[in-house]
Amino acid sequence: MLHITDLRPTTFDPATVMPRAKLEISDASAVVEPIIDQVKARGAEAVLDFTEQFDGVRPDNLRVPEHAMTQALEKLEADVRDALEESIARARAVHAAQLPPDTVVPLADGATVENHWVPIQRVGLYVPGGRAVYPSSVIMNVVPAQAAGVPGIAITSPPQADFNGLPHPTILAACKLLGVEEVYATGGAQAIAMLALGVSDASGATVCEPVDLITGPGNVYVAAAKQAFFGKVGIDAVAGPSEILVLADETANPAWVAADLISQSEHDPLAASVLVTTSMDFAEAVVAQIEQQVPGAVLEDQIREALTGQQSGALVVSTLEEAIDVTNAIATEHLEIQTKDNEAVLEQITHAGAVFLGPYAPVPLGDYSAGSNHVLPTSGTARFSSGLNTVSFLRLQQRIRYDKAGLEPLAPGIQRLAQSEGLHAHAEAIRYRFE
Ligand SMILES: NC(=O)c1ccc[n+]([C@@H]2O[C@H](COP(=O)([O-])OP(=O)(O)OC[C@H]3O[C@@H](n4cnc5c(N)ncnc54)[C@H](O)[C@@H]3O)[C@@H](O)[C@H]2O)c1
Ligand SMILES: N[C@H](CO)Cc1c[nH]c[nH+]1
Ligand SMILES: [Zn+2]
């Protein structure tokens, strides 16, 4: 079901060899625009109406009551709690190490510039909950925000009909474990509009204050709504469906590689699972393993759709260099390297959201417990952007301290530069100080 493309006898363009799924953000934008307009006009009532329409349940309140979160944690199975706590501890260690230090750069007598990092004051974190629910995404959003020192954190996630219109209890329990109290039961574009605009109820009482930054993955409606609000608020990314690329040679285990490719395909029918290899025998062995492992899988239909889509496939190339070129051109969200010399291959990888090295670092390790972040750049954006991290929740504020002795030697040069730009008032502002 994963098609094999033999590129060995051909010359090919690494940039076009593996098309991505067509993510119809513009179609979704047409759906999302009226949702945003309604939320603007009618606030919380509109958010609740759309939630009822798209999620099939109308929560009693958009804001999840404190007792529901306490209860969710009390009822959480002990082994799930242990796993969440381990995952939080590792993520906290990794994200704390990303906190950049402030620096003061002395440039001359009476002249310093300080690089000062300021936490964003209020952030809205989206946790998906449509096809699957993602308590792990609570951790991946909250931990870097907390590491950055963000004082205001609001989380939103779709309500579940099976749980009285509350987000999934494990999501609520994860919020409680992390110490997040402000949680909303809504998903999709209406949730993003609520976060960006803030909403009040029919009596005019505030239900949710607007945020400064919205982060987190989601489906095409979430992505289109984030894109629509970019500029009014910051966003981390316009995320696409999950992606995995395994770069492997004949030394890898085909059953394990097949399992890893299947794992990411269960996220979304548009998810991309790609194998790049120098061995046709290995590619065939992986495909045979996929044929064996997929039947009976819990999300079999979705997995089949993703693996047979144009965005998924096995590419057989002639040399390791070609394999690396194709991999860099695809710029996948997750890259697994399983070859004779993984570190040597890694040296040549320029584009990938996160890299998983060797047979014991499969992508699900990073999805849940490695300590790394699983909100990563998709759709080729790994060429220019990073996964969610502590710096995503910080702004750099430069603090410029010059006294008279610091400014004086620069004054003539600044005036000349200002004049050369035709900006004489700029020159005057300097001249006044030395008259
Ligand atoms: N990169 C990551 O870190 C990461 C992590 C987890 C999930 N994901 C991805 O996030 C996505 C999650 O998508 P999902 O759908 O499961 O959950 P979701 O929470 O993103 O979307 C569900 C919401 O979509 C809205 N919706 C559904 N149908 C609609 C319609 N026809 N019109 C308007 N709104 C509609 C509903 O309001 C619903 O609440 C998947 O693509 C998955 O691969 C990525
Ligand atoms: N692989 C997803 C990111 O693309 C993250 C995730 C959460 N849970 C399982 N997987
Ligand atoms: Zn995953």
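Keep in mind that glycine also has a Cβ here, set from the backbone N, Cα and C atoms.
Annotation comment: TrEMBL describes Glu333, His334 as active site, proton acceptor. Feature annotation from TrEMBL assigns NAD(+) binding site to Tyr126, Gln190, Asn219. Per TrEMBL, the feature substrate binding site maps to Ser242, Gln264, His267, His334, Asp367, Glu421, His426. Look at TrEMBL and you will find Gln264, His267, Asp367, His426 tagged as Zn(2+) binding site.
Overlay of TrEMBL annotations on the structure.
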residue	record	contacts (Cβ under 8 Å, 6+ apart)
Tyr126	NAD(+) binding site	Asn141, Thr156, Ser157, Gly187, Ala191, Ile192, Leu195, Ile214, Thr215, Gly216, Pro217, Gly218, Val222
Gln190	NAD(+) binding site	Ile35, Val39, Ala46, Val47, Phe50, Thr51, Phe54
Asn219	NAD(+) binding site	Pro128, Gly130, Arg131, Gly188, Asp268
Ser242	substrate binding site	Gln264, His267, Asp268, Ala271, Ala272, Glu333, His334, Thr378
Asp367	substrate binding site	Ser136, His374
His426	substrate binding site	Ile414, Ala418
Give the subset of the recorded positions Tyr126, Gln190, Asn219, His334, Glu421, His426 lying near ligand 2, defined as CB under 6 A from any of its atoms. none
Could you check the recorded positions His267, His334 and say which one's CB has the most other CB atoms within 10 Å? His334
A 10 Å Cβ contact count, applied to the recorded positions Glu333, Glu421: which residue has the minimum? Glu421
Within 8 Å of the Cβ centroid of the NAD(+) site residues Tyr126, Gln190, Asn219, which other residues of the same chain have their Cβ? Pro128, Thr156, Pro158, Gly187, Gly188, Ala189, Ala191, Ile192, Gly218, Tyr221, Val222, Ala225
Recorded positions Tyr126, Asn219, Glu333, Asp367, His426: those with Cβ under 6 Å from an atom of ligand 3 are Asp367
Determine the binding-site residues, out of Ser242, Asp367, Glu421, lying near ligand 1 in the sense that the CB is under 6 Å from one of its atoms, and give them in sequence order. Ser242
Need one number for the NAD(+)-binding residues Tyr126, Gln190, Asn219: the maximum pairwise CA distance in Å, whole number please. 13
Rounding to the nearest whole angstrom, report the longest C-alpha distance spanning Ser242, Gln264, His267, His334, Asp367, Glu421, His426, listed for substrate. 56
DSSP-derived class (H/G/I helix, E/B strand, else coil) of His334 (active site, proton acceptor): strand
